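Participant: Starting off with a structure, shown below.
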């Protein structure tokens with residue numbers, strides 16, 4: 001049995017400073033102004049969390065059946081008298097309808113949960129506008145990033161954070177305590193001026209995915225047109241063969257691995273460029289160019305798009321034998337073999353090439369799957385930094401190497417066959433090898449001891465052309481001064 005101080009938990013929610021981690025007391029009266037979907041979901045969650053909910057509605061009789069039976073529904077003027085913390089769950093356009101309650105709202109904490117229809121639609125945030133209408137109230141911005149569905153089902157999945165901003169710490173702590181009791185994680189975003197940024201958060205549509213998506217789409221269009229010219233247009237113009245049947249599946253299947261391969265190489269190219277920037281300038285404290293900084297921040301999304309294209313390529317490849325055209329071509333080849341008097345069409349070189357080619361593809365897809373799974377927050381948070389870095393860096397580069405071998409075995413000797421160059425255009429896989437091979441060669445250079453040691457020193461704080469002095473104590477001589485610069489040391 002534990003006794004004394006050992007029985008107390010090491011971490012508690014109570015805080016003497018009244019921060020956002022303190023829980024709210026069960027049974028506290030919470031007011032809600034509004035009877036819409038969000039107000040009903042909020043009331044349900046508050047009731048389930050043990051709060052006493054008082055709903056203020058302009059038509060209490062009509063709204064009574066919409067809320068939980070334990071919630072009290074009454075006119076707005078009566079509701080604001082019974083609660084100190086009141087959620088304003090009405091649209092910005094209807095704020096003025098609450099002005100008749102100004103005298104009753106004096107000293108109350110009003111929580112603005114509204115959102116706009118467009119980013120920066122108004123010059124001031126909704127919370128600041130509400131504060132201008134009720135200057136004698138304390139306005140808190142919060143709960144606008146939580147959907148009504150999340151409130152109904154509880155914070156089981158997705159992001160559980162509640163962004164909160166207010167000019168008064170006491171009111172901010174009170175609302176944070178309510179959020180904590182409801183099962184959410186309150187995040188202090190600062191003063192009320194941050195409400196404008198908080199209101200923009202739910203309106204952003206995949207902000208970090210726009211550039212990777214456009215990049216993948218551009219690569220897909222370019223490679224698709226290139227493959228169309230070589231595989232469809234060239235036979236039609238030069239040999240009068242109709243191969244337009246390849247457009248829906250075969251051309252897409254040839255284009256997807258090109259996009260996946262190039263996108264995977266673009267994940268590790270900015271890291272190589274950043275290393276050479278640091279070697280060139282001899283310091284880690286100089287900022288990278290803006291384009292490189294943005295590139296580094298989008299590597300996760302670029303990698304996930306690469307995995308998606310690779311997975312689609314695998315699905316398309318499995319569907320290739322199911323096509324009617326594939327069956328016709330197989331029958332034609334069999335007929336040609338019979339008419340030619342051949343009893344065995346086995347070619348050892350082609351068999352081994354395809355076996356190795358498919359094997360490398362499966363391994364590459366497996367490594368990409370591991371990278372994609374560890375990119376999920378729930379999985380990544382379970383790993384320490386060394387484990388996460390090993391998977392994303394070492395195994396990621398291994399995936400690039402295996403993908404390169406997969407591409408090389410696909411090309412085999414055909415890269416040196418003149419008939420493969422349609423309209424004097426090289427095969428697509430030869431183009432995709434340019435960037436990955438350059439990255440692999442750059443990685444080999446960075447792995448060289450003379451280069452890797454210097455890069456490690458730079459990343460530990462060493463700077464070219466500058467000196468750093470520090471003192472070491474010694475029993476005989478009380479101090480030694482070391483001056484490090486340009487790789488030399490002076491005692």
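Positions of Cβ are set from backbone N, Cα and C atoms, glycine also.
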Participant: Checking feature assignment: transmembrane segment per TrEMBL, candidates 170-191, 236-257, 302-323, 324-345. Which range matches?
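Facilitator: Going through 170-191, 236-257, 302-323, 324-345 one by one, TrEMBL flags 302-323 as transmembrane segment.
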Participant: Select from 414-432, 433-451, 452-470 the stretch of residues annotated by TrEMBL as transmembrane segment.
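Facilitator: Per TrEMBL, the stretch marked transmembrane segment is 433-451.
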Participant: I'd like the per-state residue tally for the domain 'Pyrroline-5-carboxylate reductase catalytic N-terminal' (30-116) from DSSP, helix first, then strand, then coil.
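Facilitator: Residue counts for the domain 'Pyrroline-5-carboxylate reductase catalytic N-terminal' (30-116) by secondary structure: 33 helix, 22 strand, 32 coil.
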